[in-house]
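Novice: Have a look at this one before I ask anything.
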Amino acid sequence: MIAIGLEGSANKLGVGIILHPDNGGEPRVLANIRHTYVSPPGEGFLPKDTAKHHRKWVVSLVKAALKEAEIGVSDVDCICYTKGPGMGPPLQSVALAARTLSLLWGKQLVGVNHCVGHIEMGRYITGAQNPIVLYVSGGNTQVIAYSSQRYRIFGETLDIAVGNCLDRFARTLHISNDPAPGYNIEQLAKKGKRLVELPYTVKGMDCSFSGILAAIDALAAAYGLSGDQQAKENIGLTEDALKLKVDSVDKYNNEGGIPTREDLCFSLQETVFSMLVEITERAMAHVGSREVLIVGGVGCNERLQEMMGIMARDRGGNVFATDERFCIDNGIMIAQAGILAYKTGFTTKLEDSTCTQRFRTDEVFVQWRDD
């Protein structure tokens, strides 16, 4: 059985093809192709521009995936697409492409939850059996555990996602979005030597990142490290952040010098990743798990994997993570989750093949897993 998966919930358009042998053998990745919309430094990606990018590239990527997989249309059993969550216009573009292929090829559709796609691909690649899942990306931050055919959310962000926090600080510093702003933050952080105190906000199993972002934006503006316009206008600084800016300048002047861009990136990573380690460890203790699976684009971060590994080993456990081929948004994860659902008899009718920006992880009935 062969499934093709289309992913395009944000700025990455992915097409993947996976084979599940009829004899029950090991699944095999036949193709995994991706193209990214990269916005200029200091800017995020607008939904309309991202959707335009997806519409431009989707046909080329589908053709390239079929060629790489060395299969024809007749070999495909189902077409899987990201139903949500994500950005509206990009999701609509991919859903439209999936519906078009379904009509042209005469194949069944399968709508897939983006997060469930990450989880199932992570389980397949790493072999993790029943881990606590830390799902960290530009749009989502969740701590998840499986129970009774649902992926249950134990904790999550109360405001913005951790990846969004890192990406927006990259915009503040006016650094490149190529290959990804979070990746460039990580590279700068490796050169940082000074830990700057930042707000640390964990509330039970939940966390918050907007206050940390406001604080570090204020520091960057105060030190003249932010983008030119923001440095001049102090865009978006709250009253508390402005006070923090003045206090911090005085503090670091007294200590003999101010932090560098690298120090700020290092400090931001250390703070937000410590928060993620804390809530993940709490979930492990609650369910008695010794496994952690990190999925989502931020899961590629080597420092996050290192910090999580230290915690897990102290508990006699292990951390599982994938490389950028499968951690960053991709089409093969949608194909994997979709084919698992398809094998249980699940399909999405053409008239129901919509998309939604809000599609909770725990809304999905995970029929393919046994208790």
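Here, residue 1 is simply the first one shown, and the rest follow in order.
From the backbone N, Cα and C atoms, a Cβ is placed for every residue, glycine too.
Below, the features straight out of Swiss-Prot:
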BINDING   His114, His118, Tyr135, Asp329  divalent metal cation binding site
BINDING   Tyr135, Val136, Ser137, Gly138, Gly139, Asp167, Gly182, Glu186, Asn301  substrate binding site
Novice: Of all the Cα pairs drawn from Tyr135, Val136, Ser137, Gly138, Gly139, Asp167, Gly182, Glu186, Asn301, the residues the record ties to substrate, which distance is largest, in Å?
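Specialist: If we measure all Cα pairs in Tyr135, Val136, Ser137, Gly138, Gly139, Asp167, Gly182, Glu186, Asn301, the largest is 18 Å.
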Novice: Restricting to the chain of Gly182 (substrate binding site) and a gap of 6 or more, list residues whose Cβ falls under 8 Å of its Cβ, or answer none.
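Specialist: Correct list: Gly138, Gly163, Leu166, Asp167, Ala170, Gly297, Val298, Asn301.
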Novice: Please name the residue among the binding-site residues His114, His118 whose C-beta has the most neighbouring C-beta atoms within 10 angstroms.
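Specialist: Checking each of His114, His118, the winner is His118.
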Novice: Just jot down the residues in the same chain as Gly139 (substrate binding site), at least 6 apart in sequence, with C-beta under 8 A of its C-beta; none if empty.
Specialist: Ser9, Ala10, Pro85, Gly86, Met87, Ala161, Gly163, Asn164
Novice: Starting from the Cβ centroid of His114, His118, Tyr135, Asp329, the recorded divalent metal cation site, name every other residue in that chain with its Cβ within 8 Å, sequence order please.
Specialist: Ser9, Cys115, Gly117, Ile119, Ser137, Asn140, Val295, Gly296, Gly297, Met333
